[in-house]
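Visitor: TrEMBL feature annotations, pasted as is:
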type: ACT_SITE; residues: Cys174; note: active site, proton donor
type: BINDING; residues: Asp301, Lys311, Phe345, Lys370; note: CTP binding site
type: DOMAIN; residues: 17-192; note: domain 'Flavoprotein'
type: DOMAIN; residues: 203-421; note: domain 'DNA/pantothenate metabolism flavoprotein C-terminal'
type: REGION; residues: 1-206; note: region 'Phosphopantothenoylcysteine decarboxylase'
type: REGION; residues: 207-425; note: region 'Phosphopantothenate--cysteine ligase'
Amino acid sequence: MNFLEDLFYPLRLLENKRILLLVSGSIAAYKSLELTRLLFKSGASIQVVMSEGAKKFIKPLSFEALSHHKVLHDHNEKWYYNHQNKLHHNHIACAANTDLLIFAPLSANSLSKIAHALADNTISATFLACASPKILAPSMNTNMLNSPIIQSHLKRLKDTNHIILDTKNGLLACNTRGNGAMAEPLEILFKAAQTLLKDAYFENREVIIMGGASVEKIDSVRTISNLSSGIQASALALALYFKGAKVTLIASNFPTPLPKGIASVLVSDTASYENALNSAAKNLQKHALKPLLFNLAAISDYVPKTSFNYKLKKSEIGETLNIECVQNKDLLASINPNQFVKIGFKAEDDQQNAIKNAQNLLKPSQNNGKDCSMVALNLIKDSRPFGSLENELWLFSHQKTQKIPSMNKLEASFKILDFIKDNAL
């Protein structure tokens, strides 16, 4: 699976969004070419502004080829009006015509300028003239980054509502290892999507998602598990992140790339799922709306009664391996509905009874239900086997029923969130 090509790009989530990309003098400028490509394939319109230092690393032509717009820099600003009586190619016009500004890479020099509201070149003047949200991706040597002056500049910008992405640890261009490398283009793309797609209903709302398949130990090398891929859980985590939620994803695997803003907890068996859930629940912060709990995890219904810490030998087992299993704990049923808005997911291949079985999850526990506020039913078909990139779902709440036709799992995730919002869950 190629996440970007198969799930992200087809949605064109940044369609008609105008992004101003500022590129200053840093060896990391080459990464901004990749960022430009990612933004363009996501549907955005990108206007690039380069400093003279950036032009020493990358030619404007490279950005123009990827963005399909002329790059603005110190030597090509125009101040006359065009035939449509619109101000031409300059820092005022570019700054006024944007939904989001991204400064990547942001060098120590440019950082110091913008922190003091200096506007002595085109790139700093463009930054100052732009009133849109701003994402900053610093890039510099470790000692420069750790300088108290640079740290005070970063704090000033953060305190004035600029979004500052963490730098990375690694081998820097100066051939030393340390902190200071620019955030990866995909991380910047994710943050740009979140900034542009935030929804007040989900913003800062606490969300826990359980996904993947539980892996129950028979011995040190053999397990009981199932075919759940975890793709839908990861896609849902991304959709909620883009909407601005605080997301914790508890899963046995992570099949898609995830931004740093999603707390990812790797688990395996039922006990580790439960421990991770309890730990995440303790750390939830107060919000006007009750936290959401999505259970997409395919937890084994039965687990081995006895497991072994060593590999069972064929000589011990004989011709037949008999594994005695006992019924496993039902995690979803055990969760207090007063603590969460519980959202269950059910996979069924029984076409006749699937809807009835799914709706039973909405019933209270005293009526053999699971106290869910919403249920998503996935009807398994040969055309959409486990691991498929598409899902066809039925959504049920106490008030409404909705069918989601077959679509890619990220798009389906946004439909699920629309259903939650429409039902005020």
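Glycine is treated like the rest: Cβ placed from N, Cα and C.
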Visitor: What's the CA to CA span in angstrom from Phe345 (CTP binding site) over to the residue listed as 'active site, proton donor'?
Guide: 50
Visitor: Counting distance between Cα atoms, which of the binding-site residues Asp301, Lys311, Lys370 is nearest the residue listed as 'active site, proton donor'?
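Guide: Closest by Cα distance to the residue listed as 'active site, proton donor' among the binding-site residues Asp301, Lys311, Lys370: Lys311.
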Visitor: With every protein chain in view, how many other Cβ atoms are within 10 Å of the Cβ of Lys370 (CTP binding site)?
Guide: 22
Visitor: Within 10 Å of the Cβ of Cys174 (active site, proton donor), how many other Cβ atoms can be counted across all chains shown?
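Guide: So the number of other Cβ atoms within 10 Å of Cys174 (active site, proton donor) is 14.
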Visitor: What mean pLDDT score does the region 'Phosphopantothenate--cysteine ligase' (207-425) have in the model?
Guide: 94
